[in-house]
Structure formats: structure tokens, C-alpha cells
Amino acid sequence: MGSVLVDLQIATENIEGLPTEEQIVQWATGAVQPEGNEVEMTVRIVDEAESHELNLTYRGKDRPTNVLSFPFECPDEVELPLLGDLVICRQVVEREAAEQEKPLMAHWAHMVVHGCLHLLGYDHIEDDEAEEMESLETQIMQGLGFDDPYLAEK
């Protein structure tokens, strides 16, 4: 199995309590499970203002969100090992973890896994897509040593 090369960008004032680059690489590799060569992606950890602006610009949602995924798109004849970019909002992840009574690092891992699956083309708009994606997220999270992230909802 290959690995995921992560360009980690920290764009938040408070860096205390953030996951390490090694953790993010481990979680992304667990989600992507690249075969052969490395694949590359960017993970940008931001504050609410940047998340809000990006969510409004690209999704028409007037609020910050936990994770945004921007898959890399290139012509079919061009083969580059680029997955795309994840933008994760520190404050939203921390708030959700507290509200859902989940360990903070487990929720960070879930957001990386969830975002990576979006980069791979998975979605959760339709119920059947959501079930497939949630099932895959659960398998990946358990493979990484975490509990089912949807346990409280079941």
C-alpha cells in the first residue's frame, strides 16, 4: 500500500490541541488506501471566518462548516497523483465534538476520513449514498482504532 503525502497548512491563531501532521497522514492514508505510489493532498486548518467565507462562496451556505472538500480535477489524459484539498474548521470540529460527547481526536480523525471520501467521489446527498458513505467511514474509523462515529445516531 502506498501513502498519502499531506501539505498541512495551519491558518488558525490557536494551534494548541490540533492533531499532528503524522496523525493527519495516518487518518488520510486509512481513508484513501492508495495502491502503489504516493498520492498528494492539502489539509488546511482554518478559523470560522475562512470556513464561513468558503462555505458561502462554494456551497451557498451562510455559516462555517466542519469540513469542505475540493477534489482536484484535471483532463483525463493528465495523470497526476493529486487528490485535492480539505479545509477543516477548528472551532466547528471542537464544538461538534463537545456537543456529541466524542473524544476530540476521534472527531478530527472522522472529519479527515469524511473529507477524503468526498475527494474520492463519495457523497451523502441521497439516502442510499449516505448509508454507503457512513458504512465506509465506520469501517475506516474502526480500522484506525476509533469507535463508530455514528454510534450516537443509531
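Cβ coordinates are placed from backbone N, Cα and C, and glycine is handled just like the others.
Positions annotated as Zn(2+) binding site by Swiss-Prot, on the basis of sequence analysis: HIS114, HIS118, HIS124.
The binding-site residues HIS114, HIS118, HIS124 differ in how many other CB atoms lie within 10 Å of their CB, and the one with the most is HIS114.
Other than HIS114, HIS118, HIS124, the residues of this chain whose Cβ falls within 8 Å of the Cβ centroid of the Zn(2+) site are, in sequence order, VAL67, SER69, GLY115, LEU117, TYR122, ASP123, MET133, GLU137.
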